[in-house]
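Just below is one structure, and these are the notes that go with it.
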């Protein structure tokens with residue numbers, strides 16, 4: 001019986017990607033809220049580096065899963081026609097736009113308007129990236145447990161569980177405090193509870209197929 005170790009790189013890529021997308025949204029909203037001083041905003045931007053480190057680890061893991069970097073590049077050959085190609089392309093765009101924008105923001109090369117645009121565009125790209133992950137599994141009609149509403153719910157619930165916690169950690173490192181910070185763990189706990197309910201319902205539905 002296989003141990004399933006070969007699936008771990010894929011799991012790391014998927015979970016890290018969802019958490020980074022959610023974490024970026026949290027940090028972006030903190031910056032867009034507009035009540036942080038310039039020094040605090042710069043500390044938040046500096047702490048975003050943790051997001052891109054995790055995203056980089058996720059992409060390295062995905063290459064390990066595919067077997068070689070060349071296979072990762074070759075998988076982009078069918079963008080628009082292949083769910084896997086769309087996932088890697090959307091993740092790469094999210095990573096590139098987020099990372100390049102972060103570097104420019106760190107160097108204070110973005111005007112307030114451009115920084116706002118960057119934050120909003122990257123948040124949208126993060127959500128698209130998670131949706132493209134969903135489509136890799138949700139488009140396979142031969143696997144009933146994937147070809148259902150439970151797949152998108154599970155992926156986005158992971159984003160709502162991991163994203164706020166990651167955002168809370170990074171905001172804490174940046175020295176940010178306030179009532180909104182206390183909401184983040186509550187959001188993660190609520191997502192965890194909903195995820196548990198979803199798992200029970202999915203298990204009951206899977207029993208109907210057996």
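Glycine is no exception: its Cβ is also placed from the backbone N, Cα and C atoms.
Please treat TrEMBL annotations as automatic predictions, because they have not gone through curation.
Per TrEMBL, these features apply:
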| type | residues | note |
| --- | --- | --- |
| TRANSMEM | 12-32 | transmembrane segment |
| TRANSMEM | 44-68 | transmembrane segment |
| TRANSMEM | 88-105 | transmembrane segment |
| TRANSMEM | 117-137 | transmembrane segment |
| TRANSMEM | 149-171 | transmembrane segment |
| TRANSMEM | 183-204 | transmembrane segment |
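Residues of the same chain lying 6 or more positions beyond the ends of the transmembrane segment (88-105) and with a Cβ under 8 Å from any Cβ of it are 17, 21, 24, 45, 48-49, 51-52, 55-56, 58-59, 62, 72, 75-76, 79, 115, 118-119, 121-122, 125-126, 128-129, 132-133. Remote same-chain residues near the transmembrane segment (12-32) are listed as 41, 44-45, 47-48, 51-52, 54-55, 57-59, 61-62, 65, 91, 94, 98, 115-116, 119-120, 122-123, 126-127, 129-130, 133, 155-156, 158-160, 162-168, 170-171, 176, 180, 184 (criterion: CB distance under 8 Å, separation of at least six residues from the stretch ends). Long-range Cβ contacts of the transmembrane segment (44-68) within its own chain (Cβ-Cβ under 8 Å, at least 6 residues beyond either end) map to 6-10, 12-14, 16-17, 19-20, 23-24, 27, 30-31, 36, 75, 88, 91-92, 94-95, 98-99, 102, 105-106, 166, 169-171, 173-174, 176.
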